[in-house]
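All remarks here apply to the structure that follows.
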């Protein structure tokens with residue numbers, strides 16, 4: 001029998017010093033090496049002699065320069081993060097990197113796309129309802145030339161960023177806690193609390209601290225829950241990518257930490273965001289796992305042989 005997803009860390013080496021070395025490498029790569037482009041750009045706008053360019057430390061955004069620069073320097077940190085995470089899992093813990101995603105020998109791209117498309121539809125419905133209720137909150141922001149220039153970078157770098165977060169929080173962290181306990185709720189809650197805490201510094205949190213903290217906790221809990229329920233990271237990879245691409249390309253809050261040339265900008269409604277996200281998560285869970293249960297039942301139910309009809313030979317006159 002294949003190992004359950006939460007316990008895949010047992011396939012590698014797990015001495016305490018390996019975790020100390022791995023976490024140190026990951027944090028150093030993410031926060032130090034990954035922020036070298038940000039530091040370089042800060043120095044550039046500081047010494048360029050242009051009063052229109054600036055780095056806003058409160059919003060963590062560059063002002064007076066193209067959004068694409070903001071987008072690039074933010075995502076470079078996640079590329080460094082990914083490389084460090086790969087080195088940590090493959091060489092420090094000496095296990096296959098795919099074990100952060102699935103206990104099987106191959107990744108099901110169809111499962112990732114299933115999560116991506118369903119969550120994208122649910123987000124679209126939620127935004128359509130919000131637009132109907134609060135139309136004044138939405139402003140058309142579409143600029144075809146800027147959007148089309150930005151689009152390929154968004155489609156490449158955003159899935160990397162979201163995948164790194166999933167691989168670390170729902171993968172590495174949950175599987176590490178899975179070494180300590182077989183109670184699934186503990187790694188689910190532990191990883192969710194860390195994920196939510198690390199997002200409390202986002203500028204949009206200022207709109208309503210407690211409500212948006214609740215939103216990040218709900219999102220993290222949902223991603224962890226579907227990972228454990230599905231026994232793989234595939235659904236969460238699709239959901240998180242859909243969530244951020246939707247935010248960057250289609251509907252972007254005016255104070256979002258995620259820069260982008262979205263079709264619409266809108267004023268974030270924290271209460272609606274929390275409630276609609278919770279409802280969307282429940283609907284996603286019911287749709288995905290009810291269909292999975294039906295598929296499993298159909299596979300396990302043996303087909304009954306069709307009864308043979310024996311015809312009596314007709315008597316010849």
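Every residue, even glycine, has its Cβ placed from backbone N, Cα and C.
As written in TrEMBL, here are the features:
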{"type": "COMPBIAS", "residues": "294-309", "note": "compositional bias 'Basic and acidic residues'"}
{"type": "DOMAIN", "residues": "150-246", "note": "domain 'CAAX prenyl protease 2/Lysostaphin resistance protein A-like'"}
{"type": "REGION", "residues": "294-317", "note": "region 'Disordered'"}
{"type": "TRANSMEM", "residues": "20-47", "note": "transmembrane segment"}
{"type": "TRANSMEM", "residues": "67-92", "note": "transmembrane segment"}
{"type": "TRANSMEM", "residues": "112-134", "note": "transmembrane segment"}
{"type": "TRANSMEM", "residues": "140-158", "note": "transmembrane segment"}
{"type": "TRANSMEM", "residues": "179-201", "note": "transmembrane segment"}
{"type": "TRANSMEM", "residues": "207-226", "note": "transmembrane segment"}
{"type": "TRANSMEM", "residues": "233-251", "note": "transmembrane segment"}
{"type": "TRANSMEM", "residues": "271-289", "note": "transmembrane segment"}
Are there residues at least six beyond either end of the transmembrane segment (140-158) with Cβ under 8 Å to its Cβ atoms? List them, or say none.
67-68, 71-72, 75, 78, 241, 244-245, 248-249, 252, 260-265
Same-chain residue ranges lying at least 6 outside the transmembrane segment (233-251) that approach it to Cβ under 8 Å:
5, 100-102, 107-108, 111-117, 119-120, 123-124, 127, 138, 147, 151, 154-155, 158-159, 161-163, 165-167, 170-171, 219, 222-224, 226-227, 258-266, 284, 288
By DSSP, what is the split of the domain 'CAAX prenyl protease 2/Lysostaphin resistance protein A-like' (150-246) into helix, strand and coil residues?
82 helix, 0 strand, 15 coil
Averaged over the domain 'CAAX prenyl protease 2/Lysostaphin resistance protein A-like' (150-246), what pLDDT does the predicted model reach?
96
Are there residues at least six beyond either end of the transmembrane segment (179-201) with Cβ under 8 Å to its Cβ atoms? List them, or say none.
6-7, 9-10, 14, 165, 169-170, 173, 209, 213, 216-217, 220-221, 224-225, 228
